[in-house]
């Protein structure tokens with residue numbers, strides 16, 4: 001858009017320069033300078049808006065990445081909490097097991113101590129007497145062996161309980177170490193989660209600031225576009241005055257392209273500008289040969305077009321924008337063709353087809369209304385061929401696809417729209433002379449994708 005807008009302004013300034021040379025009009029020079037400055041402001045604001053949009057998109061992408069990280073960290077925290085709860089349960093069971101082992105060891109130790117104490121205290125009449133109370137040697141040996149086995153059992157059980165206690169204690173220590181490690185992971189994860197939360201907050205603030213700057217820039221851009229629109233109209237009036245004085249110059253495309261029509265910022269006025277769409281442009285209607293004539297026009301068409309205009313733009317002071325030297329307009333690469341061999345209806349229908357084939361019925365007729373208004377205006381040539389062939393006015397003119405549409409015929413709807421405009425049976429824009437694609441800052445009657453002014 002920036003390149004096309006710059007080319008458009010350069011074309012207008014070039015035409016004004018030619019007029020200055022032909023008529024010596026200093027006021028035209030000033031108008032050209034004003035128009036160039038207005039165009040530079042628009043280009044600069046468009047570039048700034050583009051940069052802010054790209055920055056906003058990058059911040060939005062980064063915010064999505066942060067939110068993904070936050071979701072993962074939150075999930076990790078939930079898993080760590082589950083592991084911690086499980087570990088605490090195992091630790092509680094181990095502590096109970098350890099207490100039980102300690103109690104068992106203590107009981108065994110007390111039992112063994114009591115037995116030893118009993119044997120010590122009753123060694124004369126007690127245990128020894130019990131052994132030697134047997135009448136046979138075998139009985140004495142059995143009781144002595146029993147006493148030794150009991151003592152050995154006490155020692156073994158005491159040793160086993162001590163080992164069990166030590167094993168449980170080691171298990172408890174392992175679980176405590178695991179608990180410490182898990183708590184460290186929890187702390188690290190929580191810290192990272194807090195960092196991500198802080199980054200999300202910071203990114204959200206940057207996005208808000210970027211959105212605010214973009215809103216301000218778009219408001220300023222709307223103001224600059226409105227100023228550019230006014231400068232284009234003023235420049236056209238200057239050229240019209242010089243032309244009325246008898247100076248023959250090439251019109252510089254004063255309206256965003258086709259003398260203020262500006263479709264896609266390049267002189268076409270619609271999505272078909274610069275002759276880019278393919279033949280047919282998505283229409284399913286059968287083309288009508290130039291010699292064909294429809295029998296009837298569409299029976300339904302709105303009686304009036306919407307008149308809502310964009311809201312008032314902000315009034316901040318404009319910023320300085322870079323300038324570019326004007327360049328010569330591109331050669332359309334016109335095929336060899338005798339346009340005088342075609343009727344006005346065929347010429348207009350082909351232009352409507354290239355400019356507004358994808359537009360609603362009202363939009364097609366409105367393009368024809370602009371052409372007819374120019375023919376009737378003293379500021380333009382008074383013939384169909386003269387209006388359509390003006391330099392930098394209707395961008396499809398002279399390009400192969402326009403020529404093909406002219407040679408092969410167009411669909412019935414575009415031809416009927418041309419008939420309605422030429423016959424004056426339908427007019428949706430009054431006496432307006434310009435149109436372009438809708439953009440903030442351009443005021444007028446909006447129909448489909450175009451604004452007429």
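In case you wondered, yes, glycine gets a Cβ from its N, Cα and C as well.
Keep in mind that TrEMBL annotations are predicted by a computer and have not been checked by a curator.
Note that this is a predicted model, so its numbers are computed, not measured.
Feature annotation from TrEMBL assigns signal peptide to 1-30.
Residues annotated as region 'Disordered' in TrEMBL: 27-51 (among others).
DSSP places the residues of the compositional bias 'Basic and acidic residues' (34-51) in helix, strand and coil in these numbers: 18 helix, 0 strand, 0 coil. If you look up TrEMBL, you'll see 34-51 marked as compositional bias 'Basic and acidic residues'.
Residues or ranges marked as coiled coil in TrEMBL: 161-245.
Per TrEMBL, the feature region 'Disordered' maps to 245-336 (among others).
Look at TrEMBL and you will find 252-270 tagged as compositional bias 'Gly residues'.
Sequence annotations record features per position, and here TrEMBL assigns compositional bias 'Low complexity' to 294-330.
If you look up TrEMBL, you'll see 359-453 marked as domain 'Cell wall hydrolase SleB'.
Broken down with DSSP, the domain 'Cell wall hydrolase SleB' (359-453) shows 42 helix, 11 strand, 42 coil.
Across the residues of the coiled coil (161-245), the predicted structure has a mean pLDDT of 83.
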